[in-house]
Amino acid sequence: MSESLNPNQNAPLLQKLAARLGTPFWLYDDAEMRRRIADVKALTSAPGLQARYAMKASPSKRILKEMKKNGLWIDAVSANECFRAEQAGFATGSHPPEILYTADVFRGDWQKAILKDGVLPNIGSPGMVGDLAKEGYKGPLALRINVGFGHGHVNACDTGGPSSKHGIWWEDVSGTIAAAKSAGMPIVMLHAHVGSGPKQQELRDNLKRLIGVFAGLSGSFPDLQAISVGGGLPWNYRQPETLDVPALAAILADGQKELSKTAGREIRLEIEPGRYYVASSCTLVTQVTDLKKTRSNEKGTGVEFIMVDAGFTDLVRPAMYGSYHRITIPARVDRPTEPFCVAGPLCESGDVFTRGADEMLEPRALPRAERGDLMCLHDAGAYGYAMSSHYNSLGRAPQVWVEEDGSIFLMSRRETLADLTAVETDEALHV
Ligand code: LLP
């Protein structure tokens, strides 16, 4: 978070926004996002390297436009994500393709996205060649491969290995290659995303495995233009730190050279991070509504709760994965800390932001808050708003964008009850 928008030093701005928009709200810092984009650009500055943005992390128009402005391409995972990318200005039908559509399942309106709009389908299941063929598709294809191992920040975020549903098992790709060939679909990309949070060694392992698949079946890929090692550049939520750009850039540049040498021609190497670009640029701002205590008894140890008006309908990561987000109370930074749990408004016991990896409550050292104080949940930009929901009939909170020059924009307004019920009908279905 830039100094200009460090929420801990900007209590008056937070107060003004809270007075105008109510709480909770999401606050994005353009300058911080640009710095993280610059890190990824520095990783991929050598020839033959290209970065995409895995837009599932935060798909709002303003963010997509920022990515486009910076020359990034897109990894989309649904037809609607493809359409959003198109609306934000990403090219369709381009060579190489700016929009990659990574799917394990084609659902709903996928045909239009693939067939009419010329995005590159990245199929993660053998039968999808048949799905495409049935629609008369004869365009280029990417194959998502399960390389046999995964490295997520929690098991739920591993995207490779025997228990992962993603991709086509690396030793079994030849059947899919043959099916694609007879359907007239040239394979232009091999792709594997091993999870959110791989270390340098795991990135190397992934690259080595993909090069191995390519070399082992080399005659099978006359049309190959690119290999993608997926996303997963880690963000340290406890102790913000930026990437080791020189080390990672060297791994990628060396990998691209080895790949091209193996192929005997230039092959592009791609990465497609999501989290790293956007995590640190956004703070979820919520309001303290009360403090209350439980007492210890034979069933367990009592805790003191700071109650706030944001819940896991806003930021689900702590409830879902036990994820850690730094918490600050800008108006109380001078107070000594005591152990508190922070809990939200939902009628569900899991609505607690201070959790450990084992999903147990984990009291946090925080200053004693007072009712009405604003609280910041930091590094909430990736899989924050994108995973928010309507549970308990709550509308999603507004998103606010602060430009480097200090100008402020409302990216999305607070959802109302009318937004939530707009899809409800009494239509009779005569089937
Ligand atoms: N590419 C593919 C094919 C992916 O499935 C993902 C993330 C990415 C790229 C981007 O990964 P990243 O760089 O953001 O780690 N909701 C979880 C993360 C799930 C990630 C799913 N796939 C969380 O909040 O941690």
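Each residue, glycine too, has its Cβ placed from N, Cα and C.
TrEMBL labels come from automatic prediction, so no person has curated them.
In the predicted model, residues of the domain 'Orn/DAP/Arg decarboxylase 2 N-terminal' (45-279) average a pLDDT of 93. The domain 'Orn/DAP/Arg decarboxylase 2 N-terminal' annotation in TrEMBL covers 45-279.
Its own atom aside, the Cβ of Lys56 (N6-(pyridoxal phosphate)lysine) has 19 Cβ atoms within 10 angstroms in the protein chains shown. Positions annotated as N6-(pyridoxal phosphate)lysine by TrEMBL: Lys56.
Around Cys347 (active site, proton donor), taking its Cβ as the centre, 8 other Cβ atoms fall within 10 Å, counting all chains. In this structure, Cys347 (active site, proton donor) belongs to neither helix nor strand by DSSP; it is coil. Taken from TrEMBL, the feature active site, proton donor applies to Cys347.
Calculated from their C-alpha atoms, the gap between Lys56 (N6-(pyridoxal phosphate)lysine) and Cys347 (active site, proton donor) amounts to 28 Å.
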